[in-house]
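The structure appears right after this line, and notes come after that.
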Amino acid sequence: MAEIALRAQPETGRAATRVPTGVVVLVLAVLTVLLCLTSLAVGSRNLTLEELASVFVPGERTMASIIVWQLRMPRTVLAVMVGAALAVAGVVMQGLTRNPLAEPGILGVNAGASLSVVLSMSLLGLTDVGDFLWFAFAGAALAAFLVHLMSVRSADAGPARLVLAGVALGASLRSITGTVTMYDSVTFDSYRFWVLGSLADRDAALLVWVAPFLVVGLVMALASGLTLNALALGEEQAKALGVSPRRARALALTSITLLCGASTAAVGPISFVGLVVPHVLRLALGADQRKLLAVSVVAGPVLLLAADILGRVILDSGEMEAGVVTAFIGGPVLLLMVIQRMGVRGR
């Protein structure tokens, strides 16, 4: 099993110039710390360095300390947690499907959560994020379970069948969501803010709820690194190495469900983090899933924190949702990835 990491997913058509893993981790860790401090200081009321430093010193409660501890600290910590979760889930999904253009939304998690949120708004009149959290998570988990069930109900339970099942179910769920919001304007008004993906107005209670799911999901994802390397060699090779493809897929899919389900329930659907981060890391580090999974834990927060901060300052009044900013960043990157793959195949 020691050679799995070295032989998985050989590179074609590209020089094998890699950046040392330690250098990448150090740079990303420094960026994460700097972005966290920036996130605490930047907003509708910017804080000076002196004000920001004073909030960490025990003493009387000031306006700066209230802003940081009650508003910006939960938002910043949630951005770190969700960014890590989405990036790790993206690595697992791309390794599972053996497709660098795959992203966690293929499982139908976002579509399932969206439909569940819309139904809870329409039927129960829920409008606050804290009220429909459990509905969003349950919808995401149920959608992922159905995709897994459809993909394994045949002897040919490979990556292609998983993708087809996810795309088909996601399209069906989105059509129902669109129908409900089309005929219920009140639900649509509430839903359109959640579906953009935002970190605003999230409190510490939300962190306490979402943390256990994300921690368990991260542990399971990191544990799947070696088996994903084996699956990259092909199912027959994986079996010869003692890896059960069905169990490996089940572990990977469960981790994706926990990570994406909890993240989507907490902040809404945020796209492209799980697509862009794994792809960029693969260019820098190679195809070893264990390295990619570990480094994505610190790479994901960099993108989501940067998007959240940019969303706060890009408009003269108000702020742009983090999900919209990541889409602006991820769209061009996705286009470049497609063009690059077309160029490699055309050689």
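From the backbone N, Cα and C atoms, a Cβ is placed for every residue, glycine too.
Pulled from TrEMBL:
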TRANSMEM  21-42  transmembrane segment
TRANSMEM  76-93  transmembrane segment
TRANSMEM  105-126  transmembrane segment
TRANSMEM  132-150  transmembrane segment
TRANSMEM  162-186  transmembrane segment
TRANSMEM  206-231  transmembrane segment
TRANSMEM  251-272  transmembrane segment
TRANSMEM  292-310  transmembrane segment
TRANSMEM  322-339  transmembrane segment
- Message: Are there residues at least six beyond either end of the transmembrane segment (292-310) with Cβ under 8 Å to its Cβ atoms? List them, or say none.
- Response: 21, 24-25, 28-29, 31-32, 35-36, 38-39, 42, 75-76, 79-88, 90-92, 95, 199, 218, 221-222, 224-225, 270, 273, 276-278, 280-282, 285, 320, 322, 325-326, 329
- Same-chain Cβ contacts of the transmembrane segment (132-150) under 8 Å, 6 or more residues past its ends? 107-117, 119-121, 126, 161-162, 165-166, 168-170, 173, 206, 209, 213, 249-250, 253, 256-257, 260-262, 264-266
- Listed stretch, out of 76-93, 105-126, 206-231, 251-272, 322-339, that has the most CB pairs under 8 angstroms to the transmembrane segment (162-186): 105-126
- Note on the structure: Given 76-93, 206-231, 251-272, 322-339, the one sharing the most C-beta pairs under 8 Å with the transmembrane segment (105-126) is 251-272
- Who are the chain neighbours of the transmembrane segment (322-339) in space, where the CB to CB distance is under 8 Å and they lie at least 6 residues beyond its ends? 79, 100-101, 196-199, 267-273, 275-276, 279, 303-304, 307-308, 310-311, 314
- Message: Checking distant contacts: for the transmembrane segment (206-231), what same-chain residues at least six beyond its ends satisfy Cβ-Cβ under 8 A?
- Response: 1, 4-5, 8, 74, 77-78, 81-82, 84-85, 88-89, 91-92, 95-96, 98, 129-130, 133, 137, 237-238, 241, 243, 245, 247-249, 251-252, 254-259, 261-263, 265-266, 288-290, 292-294, 297
